[in-house]
């Protein structure tokens, strides 16, 4: 999965997909009542990026729905996965469940069109704080209560705080999650970070008894760091430059080992070599 980083304006969806992304990451900020409010990152963000583009969350969802609904004039067949980077740092811990409920209602109505031919992309809820695990239950309970448990098939989870793998496993246990898990390992492109934790996550994924289904690494903007991440065995790379990742995937050393995921590839299944 080539994951376009900080895609917060509707116009950027086309831009990143045209550069080779089959997945995007979108920031979601919340108001003081735990309602999802804007797709906005703000300063600081990655070096060389404009971090100030934004939409109202509900407007973005409509644009995203168009881009991922077959038959729509704006449809992009390649776009199959969306990571919502939930900026829950502004919330109190006891608001997490509420935030999950409200997020689910927004997506149900404006993205999934109440289950009636809505957007088809797989969705990952990425949460920065392990203490906010109740957000997951708020979200999943709401989908069930609203009569759409089938949409849980489209839903995955990620804790993005670079916590110890064991602590993340415990948070999932508390949240009642036993699958559909992506594990991120991340640092801004302005700094360098080793691949130790990535390798640990890959080992957990491949052990057959870990909690991780997929591992992604960000932010990767250079050819050398792309090769390092691929050599470590990641499933996804988040980038500001999807064309760089595409170029490396076309190199002889990687062409036979990796391909770009399509809608038919299940993002919740651990890939068996």
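The backbone N, Cα and C atoms fix where each Cβ goes, glycine too.
Now, the feature entries from Swiss-Prot:
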- 5: active site (ACT_SITE)
- 25, 27, 85: Mg(2+) binding site (BINDING)
- 41: active site, nucleophile (ACT_SITE)
- 45-51: disulfide bond (DISULFID)
- 47-190: disulfide bond (DISULFID)
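The structure, with features from Swiss-Prot marked on it.
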{"residue": "5", "record": "active site", "Cβ contacts under 8 Å, 6 or more apart": "25, 46, 49, 218, 219, 238, 239, 240"}
{"residue": "27", "record": "Mg(2+) binding site", "Cβ contacts under 8 Å, 6 or more apart": "6, 8, 39, 40, 41, 85, 87"}
{"residue": "51", "record": "disulfide bond", "Cβ contacts under 8 Å, 6 or more apart": "6, 41, 42, 43, 44, 45"}
Note: among disulfide-bonded residues 45, 47, least Cβ-dense neighbourhood at 10 Å is 47
25, 85: which of these binding-site residues has the sparsest Cβ neighbourhood within 10 Å? 85
Output field, Mg(2+) shell: CB within 8 Å of site CB centroid, site 25, 27, 85 dropped: 5, 6, 7, 8, 26, 28, 41, 83, 84, 87, 126
